[in-house]
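Inspection log for the structure reproduced underneath, given as structure tokens.
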Ligand SMILES: NC(=O)C1=CN([C@@H]2O[C@H](COP(=O)(O)OP(=O)(O)OC[C@H]3O[C@@H](n4cnc5c(N)ncnc54)[C@H](OP(=O)(O)O)[C@@H]3O)[C@@H](O)[C@H]2O)C=CC1
Ligand SMILES: O=C1O[C@H](COP(=O)(O)O)[C@@H](O)[C@H](O)[C@H]1O
């Protein structure tokens with residue numbers, strides 16, 4: 001096995017480079033919430049795909065935890081089933097499958113039971129001894145956020161966290177419910193883990209096209225030259241979904257689009273789009289630059305929210321031709337709910353690069369299409385050159401398709417000989433082969449295994465995001481702005497279009 005791959009070992013490598021050849025430290029992957037939904041849909045498939053790609057350490061073991069009284073055998077059958085359903089890769093190689101399942105073990109633990117952690121320590125130490133794994137432990141908390149505090153303090157007190165090797169902690173969203181609760185949670189976390197050991201997952205940061213954003217600018221002189229308020233008129237970030245609240249009513253009705261999507265995923269995409277990096281970027285640079293973006297956001301006062309933010313809630317309608325009920329008719333949603341299922345906002349960055357360039361963000365459930373897209377709209381001074389206004393040009397647009405498709409499209413103007421040589425917008429397209437695109441969780445787990453936190457959210461980013469969002473939460477709670485209804489299957493309320501129209505733009 002190679003030497004320790006501590007965060008400092010990767011800090012000088014390109015944050016975006018391919019490190020496939022790097023040898024990873026042997027590790028015990030300790031999964032809290034191993035019987036849950038996220039584990040089966042995302043975590044096992046990601047680990048297995050990494051294993052098939054030889055991106056797992058040479059020696060590793062997985063210890064799954066939950067309250068259920070499962071044997072190793074039951075757990076392995078559960079993991080296998082989840083791979084059959086959710087892995088994007090073939091599961092026909094029975095030799096590889098057996099090899100993978102052999103290292104999956106299960107131990108039952110109620111996370112509130114202090115004594116249970118002593119037993120867990122024994123289980124892990126025995127595994128480590130048997131498989132000659134040094135005491136490197138990666139703890140993944142795929143459980144409800146209410147347990148984060150109790151788990152991390154029990155990890156500390158039981159000695160599970162005081163190993164001779166390294167320890168890392170991966171935690172899922174949501175990180176807090178508002179600014180105060182996030183600060184309290186972070187304070188508790190930091191009693192058991194150092195910031196450099198904490199990997200806060202935002203799965204949008206694992207999407208290949210989000211990881212590519214910085215490269216689009218820095219690896220293309222043509223965009224590098226244009227990437228500022230001199231040439232860009234506005235930036236639009238959309239994350240629309242066709243699904244409704246599904247089986248998560250109790251979570252979502254307390255959370256809304258503002259906490260579920262805006263505070264984390266949309267602001268992370270905004271940071272990744274707006275940050276400026278020197279050529280030799282490192283983990284520290286990326287995170288510093290993202291923080292700089294957040295520090296430059298014009299803060300919203302509660303009274304500004306009404307003119308910069310639109311909130312909506314879906315009514316009944318149709319999705320892909322099928323009728324769907326409105327939000328308040330969804331099972332377990334309160335009749336009186338004023339929860340936001342749609343949010344759009346105008347965000348202003350007050351620095352020398354972006355001042356005067358509005359960033360518009362929008363996200364919603366039960367919209368017309370499932371798409372995550374970032375559009376950079378360039379200024380269009382040419383129109384004034386055309387005396388005949390029917391010969392006007394369209395703005396150049398760089399459209400970055402994040403998901404479900406990954407690709408770019410650049411809209412330029414061109415004469416169409418089939419239409420009297422009139423100028424028309426045409427698109428230059430690139431789209432990745434979807435089958436080979438790794439899943440976000442694969443990229444993120446690989447980074448955590450090799451100790452690279454670049455694409456995880458640093459506490460400062462999380463805190464600054466909550467700070468920006470906090471006045472919006474309060475304005476929503478106090479009902480200071482309208483709750484616009486929108487038809488399921490539409491692109492949200494009309495007020496979201498007006499937000500751009502008043503600045504002379506439209507959603508792309
Ligand atoms: N599912 C998803 O798509 C997403 C989930 N997340 C986040 O991931 C986390 C997990 O979500 P999800 O998998 O959906 O949740 P589930 O409710 O499906 O699973 C919860 C897990 O926690 C375990 N658990 C609950 N109580 C205890 C306890 N007292 N002691 C030990 N284990 C316990 C359960 O095991 P058992 O029942 O055996 O005790 C189960 O394995 C949450 O923070 C969620 O917000 C984030 C993004 C997407
Ligand atoms: O974190 C979340 O993300 C999903 C959308 O993720 P995507 O990768 O499918 O775009 C969203 O449905 C969910 O409500 C939210 O918690």
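Using N, Cα and C of the backbone, Cβ positions are placed for all residues, glycine too.
The feature domain 'Glucose-6-phosphate dehydrogenase NAD-binding' is assigned by TrEMBL to 30-212.
A helical conformation is recorded for residue 37 (NADP(+) binding site) in the three-state DSSP classification. Its Cβ placed at the centre, residue 37 (NADP(+) binding site) has 12 other Cβ atoms within 10 Å. Per TrEMBL, NADP(+) binding site is recorded for 33, 34, 35, 36, 37, 38, 39, 40, 67, 110, 111, 173.
Using a 10 Å Cβ-Cβ cutoff, residue 370 (substrate binding site) registers 13 neighbours. Sequence annotations record features per position, and here TrEMBL assigns substrate binding site to 203, 207, 241, 260, 365, 370.
Residues annotated as domain 'Glucose-6-phosphate dehydrogenase C-terminal' in TrEMBL: 217-508.
Shown in sequence order, 202, 203, 204, 239, 363 are the residues of the chain, 6+ apart in sequence, with a C-beta less than 8 angstroms from the C-beta of residue 265 (active site, proton acceptor). What TrEMBL lists as active site, proton acceptor is 265.
Candidate recorded positions: 207, 265, 365. Not one of them has a Cβ under 6 Å from ligand 1.
Ligand 2 lies under 6 Å from the Cβ of 260, out of the binding-site residues 39, 67, 207, 260, 365, 370. Among the binding-site residues listed (207, 241, 260, 365, 370), 260 has its Cα nearest to the Cα of residue 111 (NADP(+) binding site). The two recorded residues residue 207 (substrate binding site) and residue 39 (NADP(+) binding site) have their Cα atoms spaced 18 Å from each other. Applying an 8 A CB threshold to same-chain residues 6+ apart, the list for residue 35 (NADP(+) binding site) reads 64, 66, 67, 68, 70, 78.
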